[in-house]
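Feature annotation from TrEMBL assigns domain 'CSC1/OSCA1-like N-terminal transmembrane' to 5-166. Look at TrEMBL and you will find 188-355 tagged as domain 'CSC1/OSCA1-like cytosolic'. The feature domain 'CSC1/OSCA1-like 7TM region' is assigned by TrEMBL to 366-637. Per TrEMBL, the feature transmembrane segment maps to 6-27, 84-107, 146-165, 368-391, 420-440, 460-479, 565-596, 617-637, 643-662.
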């Protein structure tokens, strides 16, 4: 990529961002769009604009985001979202403090050397010389100027240690405060039990579970819910719910027809055959009512069979005391680890019910198989990623596809393709991965959605680091220097190391594209807006359908955080080699903090709350990135033949010690709830029946069922014990 392509990319990305920001300002003022730009506020019963015209000022959202407190974020989007902003603030602080020292010191040091001039071929193979002069690549070998870059490596490392420690303490306090809330949180009174051994002869599963926990916790054991195989009952329930939605839609259409000049209205009809296209035409309202009435007794019958005959080796145990539940979740209940495995219960809405009965050994095998699959994906995905990085450079395209040479020689085409082609190809190629990685994580037998998201996030992080950061660097260099490597194999290390400054230009454009275009689309919400209005006009008839059309979802940590970590990895690893990239990193995370703050306060609605359990994973990824940065710098100083490079050897060791100390000091409180936190007072005595009922799946809680019908799977032991 030449300098004009870089400037074109930067300028056009900025213009796109400005246009999208102006579109947001205009579109968000229109009342018909409030469901897209203020869904979180609407769902909480708040006024979207808080005072009407005053807050429709184009810069009002910026002021509100900047002045909002951490407590505002927690009240609107939960602790997990607040923790994500701690991550953004910490990373932004690292990059700002790095920029304060590195930019005024390293840029002049690099610019005043003349290594680029001395080389017959620049580090960028004849291109991008202007930015090469601002990088470490312009420093001659063995130069005393390298001391400045070495000290900068130490400075960044110390800044990361300080801010990470401070952030870990803060997030730990946030989690404790949330868990000590006087509000009743149902999951704090329950534990999840897996790997229940077979019951004794003549003993039911319910009796086995009740007697076991009643013996251990005689005063606080309340009730148990044995997990059942709900496949059949769920199918019936989902079919019945589908007919109910269609019935409401048909009734709405019928009522609308009465307002169109026909007092009697026109009853909707449908065909009963394949996809409603074939078969007998019937009255929709009557047909759906008949179907629902047919399914109700079938559902009730299947519920009884499921609760009595399809019990699994897993259960949810309820206690009348938060302290007992917290203590039980972190205690060893059986001599053998593969029986009576007890852990804290996830929230009802995030339980992965199908995974709960999977036994200990099957979970272990699934985990190993998934790890092997992911490892193979990482390894083999480097091949297409490397090919993309190689094929999408204009020089290589001309070599591989000579017939395009006449087209590529045109200045306008060359500038545009050089500015966007490699980065867009990479972004699109990576977009297909997240859902598959989340599927793999759930396949491991993980019990909750938040845990699966954390697992998928880790896989995606390592995937992007190995395949994007390392893959692009190696792929592009190997392809462009294949003949040199073939003739002189011993030069491969030097070639790869010397490619770092030249690849910085690719990553500069990649980061710019991500923050200008990516965050511009995030703020403007053009795609959700178009989809919503199309659905509303042509598909939605009922209020429920309209609400489903504008439902915003959550922040999608499984993909958002690894994407941020990729940017941090790129910026941190190039921060000393090409310090100018720090400016782009600061803009990315600063703009991200601002725009996502607005989205958290007004748009996204969390689907679960794990009280900051994502943070230890965020922290560990930052430390891993720091170690990669330190190793990269050590290697590059070696290429520069700087004899004092071994001074950097203590840094990776210090990073590992730092990670170990933080893990020992803080992690246990994220893994489990401390008893001093669980012992805090509640505002009111919990209603245990409501806590229990929140874990009963909808397919088993049909309105006609009486509580005693569930006695086979839902025990009612110790219901008269005192509340704690």
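Every residue gets a Cβ built from N, Cα and C, even glycine.
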- prompt: If we call contact 3 or more Cβ pairs under 8 Å (sequence gap 6 or more), are the transmembrane segment (84-107) and the transmembrane segment (643-662) touching?
  reply: no
Message: Within the same chain, where does the transmembrane segment (617-637) have neighbours whose Cβ lies under 8 angstroms from its own Cβ atoms, ignoring anything closer than 6 residues to its ends? I mean 6 or more beyond.
response: 83, 87, 90-91, 136, 146, 149-150, 153, 156-157, 160, 164, 167-168, 454, 457-458, 461, 465, 497, 500, 561, 565, 568-569, 572-573, 575-577, 644-645, 648-649, 651-652, 655-656, 658-659, 662
- line: Taking every residue in the domain 'CSC1/OSCA1-like cytosolic' (188-355), the average pLDDT works out to 90
Query: Can you name the far-off residues of the same chain, 6+ from the ends of the transmembrane segment (146-165), with a Cβ under 8 Å from a Cβ of it?
result: 90, 93-94, 97-98, 101-102, 105-106, 109, 136, 139, 572, 575-576, 579, 619, 622-623, 626, 629-630, 633, 637, 640, 642, 644-645, 647-648, 651, 654-655, 658, 662
